[in-house]
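Participant: Structure incoming, see below.
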Amino acid sequence: MWRAARGSVCLLCRSAAQPRTALLESAQPWISQRSFAMRRDATRERPSRMVLSDRVARGPRTDAPRRPRDRPDGPWAGANRTVANVDRDRRRRPPGSTQERDGGTRDRDTRDTRERHPGASRNRDDNRFKALKMQRALTSIAYRERVNVKAQGVYNEVLKGMVGVKPTPVQRLAIPALLGQRIGQQRETNHRRAAPESKREEFLLAAETGSGKTLAYLLPIINALKVAEADDVDAKAYNVRLEAEKERRGGTPVSEWIDKFEPHPNHARPRAIVLVPTSELVDQVLAASKKNFPRGQDQTTAASTWSLPPRIFSPTWRIVTLISSRVCTTSSIDEADSLFDRSFAPETSKIVERAMPSLKQLILCSATIPRRLDNYLAAHFPNIVRIATPNLHAIPRRVQLGVIDVSKDPLPPTTSWLASHHGLCQTSARPPRRWPSTLVSKGIDAIALHRDTPEHRQSEMLNSFTTTEPMRLSKAEVEANKQAALAKAGGVSKRHLANTKVIVATDLASRGIDTLAVRHVVLYDVPHTTIDFIHRLGRAGRMGRRGRGVVLVGKDDRRDVVSEVKESMFMGQALI
């Protein structure tokens, strides 16, 4: 009867009448357990011993999350807590669950002592394997981090008293590259792949004005000279003979007899040559090299490098003769856009071609890269490594540009802008002589700098504009300068603008000179190209300092061009 009644009911009604618990119970128990285990295994990370490291050459990541350290809670650790600070993983062992159940692995005396003095046994256990535990704790600290802690003390001593030791963007990119180091995850370029065949490295450093390009290529050059000095056998033998001569002469100063001693084996054989377009840049680069390499004149190989005069007044063939001995291994061309221009290109090409067989590094440096120079480098140096900063061809944003329409009458007074050191640039080959005299007659200390200025006077004029030290004069010195300025003006002016210096210069002072003290630049003529805009306004606002530029616009000048340059400066865009 039951079988017949059950067979007459449809399957849908039968499944609806069956309790849900029966369906759940009918499922196999291993299915849910297996699915849970699969989900748990999918989310679980593989042990580190089973995974190969992908940073063998670079070391472990320093930003990887680390396991938090167990620290004892302080007296206020339970304040402002909403959940009890209870470790759920740590279970309290019930009494009687110790090793007593195992059949007496320890004797009764030890067990009685532990029950009577629980603290004593715990301290004894903690003191066991103390050295191994300390070693295990130190193992988690990478060796590189321990070395960094030691190196920090060296850096503090080396860089003591210096301000702004943080490298600039171009230095952060160029110095490791010139030393043969990779930056981050830098890929191997065509130049690196072709290096074993050509045995020469070629670099282009392109960065904005006042960004520290000189030190970016000068420090690796000094490092190369020191490495070459350590490997030079003739220089080592010369040092031994020199030390013996010092002992023989006793305490006699070396400067008194070094000229009579034998010449250095690398005398007049320069290992590094830096080409610059003007003599002012020669003095500047030489001063920077001596400042960062103060012992260069006392050491042998370095002394031979700097023993040549800072300026060589000779035809090109004389410089070519100096580098014909195949000793020069490094050559740097500063202001490459000028030296590869039509006026300097023939002489520069001769020097580079003559030094090319022995060169190991060729460095080109410039703040502006015209298309002509870009095409020249692509044709003659196809494997050159280009290192450029994001702000290339842009005037620093901390430099403000003002425009004055001189066609309007009356002209606003300009003496209010002379708040500090000043640079006054214009495009003619020689500024009118009446300009400095006119400023002097107004009580302003002004000088003129052009191609007819004697060279010994040029360095003296630029000293006060290239220093970072503020002008601190006593009242007596200020009064003496005032009387001297009034006497120079012929007694025309009865006033004197103290702590202010003005230089009236041509484009001679617009290239490469590190005028750190200049805060204002007045452009008498509107520049014809954006290249001139970048270099002239780049005399102010160097190394992140503030500055201001003023352009005098006449009725025949393009005001729309100046307006676009001003807008680009405000937006921080490149003048392309």
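Backbone N, Cα and C atoms are what each Cβ position is placed from, and that goes for glycine too.
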Participant: If you check Swiss-Prot, which stretch out of 334-337, 370-373, 390-393, 542-545 is marked motif 'DEAD box'?
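Facilitator: Here Swiss-Prot associates motif 'DEAD box' with the stretch 334-337.
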Participant: Scan 164-171, 396-403, 476-483, 556-563 against Swiss-Prot and say which stretch is down as motif 'Q motif'.
Facilitator: 164-171
Participant: If the ATP site is taken as the center of the Cβ atoms of Ala207, Glu208, Thr209, Gly210, Ser211, Gly212, Lys213, Thr214, which further residues of that chain fall within 8 Å of it by their Cβ?
Facilitator: Thr168, Val170, Ala216, Ala367, Arg542
Participant: Are there residues of the same chain, six or more positions away from Thr209 (ATP binding site), whose CB falls under 8 angstroms from its CB, and which are they?
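Facilitator: When sequence neighbours closer than 6 are ignored, Thr209 (ATP binding site) has Ala367, Ile395, Pro396, Ile534, His535, Gly538, Arg542 within Cβ distance under 8 Å.
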Participant: Tell me, how many other CB atoms lie within 10 A of the CB of Ala207 (ATP binding site), whichever protein chain they belong to?
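Facilitator: Cβ-Cβ neighbours of Ala207 (ATP binding site) within 10 Å number 25.
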